[in-house]
Structure formats: C-alpha cells, structure tokens
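What follows is a set of notes on a single structure, which appears directly below.
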Ligand SMILES: O=c1nc[nH]c2c1ncn2[C@H]1C[C@H](O)[C@@H](COP(=O)(O)OP(=O)(O)OP(=O)(O)O)O1
Ligand SMILES: [Mg+2]
C-alpha cells in the first residue's frame with residue numbers, strides 16, 4: 001500500500017475547456033498559424049489577439065511561464081473569453097541561455113530575424129574559437145479563463161545551430177535551428193514535420209492531455 005505523507009499537497013484537478021471561442025493571445029503571425037494548426041483537430045473556434053484589436057502587453061516576467069501567464073491573463077480579462085498565450089524563445093548553451101526570454105527583443109522593433117540570427121551567430125563566435133553550438137527552444141503555453149483560473153505547460157526541443165541559416169519555412173530563428181538527429185533545419189522542413197517535434201507541440205501535447 002502506498003501511504004501519502006500528511007503534508008503532500010492534494011493533486012489539483014485540471015479544468016476542462018468547454019465549448020465556445022478561444023483567444024489566441026499572440027501578435028506573432030507565425031505562432032498564431034502554428035497554434036491554429038495544432039488546435040484544428042479539436043474543432044475549437046479561435047480568434048486572434050490582433051483580430052480583437054487587443055494591445056500587446058509588456059513582457060515584464062523573468063521566466064517563459066511568467067510571460068505566458070501575463071499575456072494569457074491580459075487577453076482573458078479584456079475579452080471575457082478563455083485565452084491561450086505562448087511565450088517562447090531560443091536558448092543557446094554557450095551564451096548562458098541567451099537570448100532566452102529576450103528572443104523577440106533581439107530582433108529589434110522592426111522584428112528583423114535575419115538581424116537577430118546574425119546577432120546570435122556573432123555572440124557565439126565572440127565567446128571563443130571552440131564555442132559549442134548546442135541550443136534549445138522552450139515554449140510555455142498558458143490557458144487563462146476569464147475568472148482567473150490559469151494552467152501553464154512547458155515544452156522543449158533540443159538541437160544545434162547552423163550558419164548560414166537554411167530554409168524559408170517557419171518564422172523567427174527556425175532557419176538556423178537543426179533539431180537533434182536531423183539533417184534539415186526547422187526552416188527547411190514543412191509545418192507538419194515541425195509540429196511532430198517542436199517545443200510548441202511538446203507543450204501543446206501536455207495542454208491537450210490536461211484540458212481537452
Ligand atoms: O518555433 C519557433 N521558431 C523560431 N523562432 C521561435 C519559435 N518560437 C519562438 N521563437 C522566437 C522568435 C519569437 O519572436 C520569440 C518569442 O518571443 P515571444 O515574446 O514569446 O513572442 P512574440 O513577441 O513574437 O509574440 P507574442 O508575445 O505576441 O506571442 O522567440
Ligand atoms: Mg512577445
């Protein structure tokens with residue numbers, strides 16, 4: 001018999017997502033497209049933050065989860081609908097995890113990821129001749145209901161960085177990210193192949209198992 005110790009917290013049950021519209025609380029069209037693809041089999045009606053003209057909240061958190069939660073909470077508060085937010089980024093081991101939660105900010109106000117990828121490449125070279133190119137993507141997905149209940153799930157995908165970038169698919173840093181064991185970057189594979197292995201899909205699988 002398995003005895004639970006007296007101070008073991010009881011498991012918190014997940015809340016199920018009921019019928020009705022779900023806000024995709026992101027202003028990044030690449031993410032909105034991927035989350036739409038991942039949700040499609042579940043037949044959920046979605047509306048994006050841009051379609052609802054929701055403001056882009058300032059990302060003041062110090063973790064992916066904290067930023068995903070503040071974006072989901074802001075969208076649920078303003079729309080009165082459940083809202084799903086994604087905070088994600090590229091973490092480079094040789095850079096101590098940078099750009100990390102600053103991945104979007106490294107692309108500057110014009111969101112130029114050719115520039116951001118070059119910054120990552122230059123920063124790795126600046127660490128020395130033997131700099132490793134190991135990296136991983138992280139994705140935190142938060143689902144917030146209008147009453148404030150929130151659930152957060154995190155996924156990760158490991159790989160290495162190539163230079164120069166390769167491929168036109170995807171968005172952000174995809175063209176320089178070679179998933180572990182693969183020969184093509186996220187920029188070279190088609191969206192379905194990315195959904196089979198990505199950090200976003202990993203987080204999404206945890207979310208769907210919990211709330212659907
Ligand atoms: O699968 C990905 N493939 C390539 N790059 C990626 C991916 N996932 C995140 N990334 C990079 C680019 C993105 O701009 C940043 C996330 O920053 P993050 O603040 O979470 O998103 P964002 O500002 O682009 O849109 P929003 O906050 O409205 O959801 O990390
Ligand atoms: Mg952002």
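Every residue, even glycine, has its Cβ placed from backbone N, Cα and C.
What TrEMBL says about a protein is an automatic prediction, not a curated fact.
Look at TrEMBL and you will find 1-20 tagged as region 'Disordered'.
Non-local contacts of residue 172 (substrate binding site) by the CB criterion (under 8 A, 6+ apart in sequence, same chain) comprise 28, 30, 90, 103, 104, 107, 113, 116. Positions annotated as substrate binding site by TrEMBL: 26, 27, 28, 29, 30, 31, 88, 171, 172, 173, 174, 194, 199, 200.
Residues near residue 87 (Mg(2+) binding site) in space but far in sequence (CB under 8 A, at least 6 apart, same chain), listed by position: 59, 61, 64, 65, 67, 68, 71, 101, 139, 140, 142. The annotation Mg(2+) binding site is assigned in TrEMBL to 58, 87.
Residues annotated as active site, proton acceptor in TrEMBL: 87. DSSP assigns residue 87 (Mg(2+) binding site) to a strand in the three-state reduction.
DSSP gives residue 28 (substrate binding site) a coil state; it is part of no helix or strand.
For the pair residue 199 (substrate binding site) and residue 58 (Mg(2+) binding site), the C-alpha distance works out to 23 angstrom. Taking only the Cα positions, the spacing between residue 26 (substrate binding site) and residue 58 (Mg(2+) binding site) is 12 angstrom. Candidate binding-site residues: 58, 174. Fewest other C-beta atoms within 10 angstroms, 58. In sequence order, 31, 64, 103, 137, 138, 139, 140, 199, 200 are the residues near residue 88 (substrate binding site), counting only same-chain partners six or more apart with C-beta under 8 A. In the vicinity of ligand 1, defined as a Cβ distance under 6 Å, the following of the binding-site residues 26, 30, 58 are placed: 26.
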